[in-house]
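Sequence annotations record features per position, and here Swiss-Prot assigns ATP binding site to 154-209 based on sequence analysis. Taken from Swiss-Prot, the feature Mg(2+) 1 binding site applies to ASP283, GLU296. Marked as Mg(2+) 2 binding site by Swiss-Prot: GLU296, ASN298. Under the heading domain 'ATP-grasp', Swiss-Prot lists 124-329.
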Amino acid sequence: MNPINLLLLCGGGGDEHAISLLSANYFETSLAKLPHLNVLRVELDAKGQYQSKSGERCELTNRREIRFEDESLAPWPVDYVIPCIHGYPGETGDIQSYFELINLPYFGCDAEGSRNCFNKITAKMWFSALGIPNTPYLFLNQLDEQAIAQTTDALAKWGSVFVKAASQGSSVGCYRVDDAAQIPAILADAFHYSPYVVVEKTIQARELEVAVYQYRGETVATLPGEVICAGGTFYTYDEKYAADSKATTKVVAEVSDEIAQQIRAYAVKVFDGMKLRHLSRIDFFLTPEGEILLNEINTFPGLTPISMFPKMLANHGDDFSQYLNEAILTGLNR
């Protein structure tokens, strides 16, 4: 087999830049087990500047090659790219659109699937259209007195709500509201992160996650794992990634077989129904009454030391390096 030049593009310059670098470390370790790959790690910053791991300034060109600022270095042709970028521009569909424009094969969900999942409003419309239960919500498209009134009414009806920036990941721009006096300031904060905002009913429930991925010709959904937050708190960005986080996880949640199989069925249905590709982490709520509600889809899940996706894949009996190898070779028709 001829060597494959694989670009591991990471960072992105968004709110989740640092987490993307941690996930890239996991990819780098996994790819190192595949000797037919030549891997070049390049970091993309908030200004759109590229820099290789060894410090050379460079850029990805429309000719599908890395060109270096130091012209004594030969251009590096790119056969395949893994865009290890959480949040913007990696999970928003932006960078996938560019790859599609220059006909560069890449790993992960396509541009449309990424956009549809990243925007919480669009995603919930898809969930409902596919007949998958999800949390009651309303959406707002501007910060004004009407938006404040609608949110106040929702709080009165539901007792507690979450205000979420519609186009953010990892709980960025997401706030719990229990007091109407909080609403104006919290809406202002949420609209700072996104031009659209979702207001959801607070669900007192267990938080379950499923790793979904395409492997050996089928869509695989693992047994659900569980995130357990200290004192019933919300799994915030800080709780996910802080060194002193009190949140704990279980790779396999303690639920009945019936619940587990229904969650897996919903996960496969939404993955296939939204025409997602390669991998996603799909998050659910399980209420004390046994109601299952789809919460959200992460089209490029974290692969940090504390992340659930790689642990659930391994627990299912699959090897991440071999899974990657199949996806790469299939994408290159080899």
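Just so it is clear, glycine is given a Cβ too, placed from its N, Cα and C backbone atoms.
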Cβ atoms near ALA154 (ATP binding site) (within 10 Å, other residues, all chains): 21
Alpha-carbon distance [GLU296 (Mg(2+) 1 binding site); ILE203 (ATP binding site)] in Å: 14
Mapped DSSP class for ALA154 (ATP binding site), helix or strand or coil: helix
Spatial neighbour of GLU296 (Mg(2+) 1 binding site) that is closest, considering only the binding-site residues ALA154, VAL161, GLN168, TYR175, TYR196 and their CA atoms: GLN168
Binding-site residues: ASP189, ASP283, GLU296 - member with fewest neighbouring CB atoms within 10 Å: ASP189
Binding-site residues compared (VAL161, ILE203) - the one with the fewest other Cβ atoms within 10 Å: ILE203
Binding-site residues near ASN298 (Mg(2+) 2 binding site) (Cα-Cα within 10 Å), from VAL161, TYR175, ASP283: ASP283
Least Cβ-crowded entry, counting other Cβ within 10 Å, from the binding-site residues listed as GLN168, GLN182, ASN298: GLN182
Overall pLDDT of the domain 'ATP-grasp' (124-329), taken as the mean: 94
Inter-residue Cα distance where the pair is ASP283 (Mg(2+) 1 binding site) and TYR196 (ATP binding site), in Å: 21
Nearest recorded site to ASP283 (Mg(2+) 1 binding site) by CA-CA distance, among binding-site residues ALA154, VAL161, GLN182: VAL161
Intrachain C-beta neighbours of TYR175 (ATP binding site), sequence separation six or more, cut-off 8 angstroms: PHE162, VAL163, LYS164, GLN182, ILE186, ASP189, ALA190
Per DSSP, three-state class assigned to GLN182 (ATP binding site): helix
